[in-house]
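Student: Submitted below is the structure of interest, expressed as structure tokens.
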Amino acid sequence: MQSIPIKNVGESRLVDPFQRQYYYLRLSITDQCNFRCTYCLPDGYQPEANKPSFLTLKEITHLAQAFAEMGTEKIRLTGGEPTLRKDFISIAESIANIEGIRQLAVTTNGYRMAKDVADWKKVGITSINVSVDSLDPKMFHQITGINKFDDVMRGIDRAFEAGYNKVKVNSVLMKNLNDKEFEQFLVWVKDRPIQMRFIELMQTGEMDSFFDRYHLSGQVLADKLLKNGWILQHKSHTDGPAKVFTHSDYAGEIGLIMPYEKNFCASCNRLRVSAKGKLHLCLFGEEGIELRDLLQSHEQQAILQARIFAALQGKREHHYLHIGDTGVRNHLASIGG
């Protein structure tokens, strides 16, 4: 069994062969989603027959404890749509109470926010990312397949009322669809503490033609921001991949996630676990390493941690999107994007 390095204060024991430290876990808790976004699940969620069920609350708790002991400080609950789980609040509360977990985030389509966001705050969810691909209700409906724009906007307002001092909003950038709304998004965040994040469309196995038609480099937006006085900010060790820009005249921020940019992977600090218990070292990578068999009792913790550490030693230096290699992923819903 490969030995795991001793954890010093402020360090992670999750270190790969390129000396990148991992503080951040993206944990999918369901593949199911009630939206039909054109870039992700245009035909809606299709359950697979005779496939394993999603991780239980007990298994999720054991997993989160193992990662926390190895230096993980931030866990993000993803899906699918994580809030569709009936035990979502219990999952969040359990993770929030684990020693060492300083940040518990959720990525959501916002469908339940207006109703439930105050409870999310109470149980320890520290930050929220909500998907809003357009500020035009008709375009929102066209992209998501769901006529819920007003509900999502109301949910963002409720998040501020519940005590969140910032909300992150994700928008997948698509040429000739929502890229025309960039100025409108800037106006929207002028007086609102929203970090508006534009995510470059990423190529996956099922979406080659869609990618060719709608991909637009985030550098186009970066150039506009820099030209107009926006300033690129430094990252903390638990931040995600977004390049964040601020402007003295704006309450909000702009984030750009550009996976095709040179050296995008150099600062990688996050691992992923699927809703059925497989560890994924990269969004565009391998089939996954099975962890579920070691999530049944606390006595398995040391073996579980050794398996995670050993798997990490096989992490690649970077993805190969630039040469069209998208790995084995047909779409991103199964491991939370």
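Just so you know, glycine gets a Cβ as well, placed from its N, Cα and C.
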Student: Figure out which of R76, R85, R192 sits with R26, T107, K168, R270, L271, R272 in the GTP site per Swiss-Prot.
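Tutor: So the GTP site in Swiss-Prot includes R26, T107, K168, R270, L271, R272 plus, from the candidates R76, R85, R192, R76.
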Student: Do you know offhand how many angstrom separate C37 ([4Fe-4S] cluster 1 binding site) and S131 (S-adenosyl-L-methionine binding site) by C-alpha?
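Tutor: The separation of the Cα atoms works out to 10 Å.
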Student: Between R26 (GTP binding site) and C282 ([4Fe-4S] cluster 2 binding site), what C-alpha distance do you get in Å?
Tutor: 11
Student: I need the CA-to-CA distance for T107 (GTP binding site) versus C268 ([4Fe-4S] cluster 2 binding site), whole Å please.
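Tutor: Counting only the Cα atoms, the answer is 19 Å.
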Student: Quick one: Cα separation, S131 (S-adenosyl-L-methionine binding site) versus R270 (GTP binding site), in Å?
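Tutor: About 20 Å separate the Cα atoms of these two residues.
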Student: Between K168 (GTP binding site) and C268 ([4Fe-4S] cluster 2 binding site), what C-alpha distance do you get in Å?
Tutor: 20
Student: Out of Y39, C40, M202, C265, C282, the binding-site residues in the record, which is closest to R272 (GTP binding site) when you go by Cα distance?
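Tutor: Going through Y39, C40, M202, C265, C282 one by one, the closest to R272 (GTP binding site) is C282.
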Student: Give me the count of other Cβ atoms within 10 A of the Cβ belonging to C40 ([4Fe-4S] cluster 1 binding site).
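Tutor: 20, counting other Cβ atoms within 10 Å of C40 ([4Fe-4S] cluster 1 binding site).
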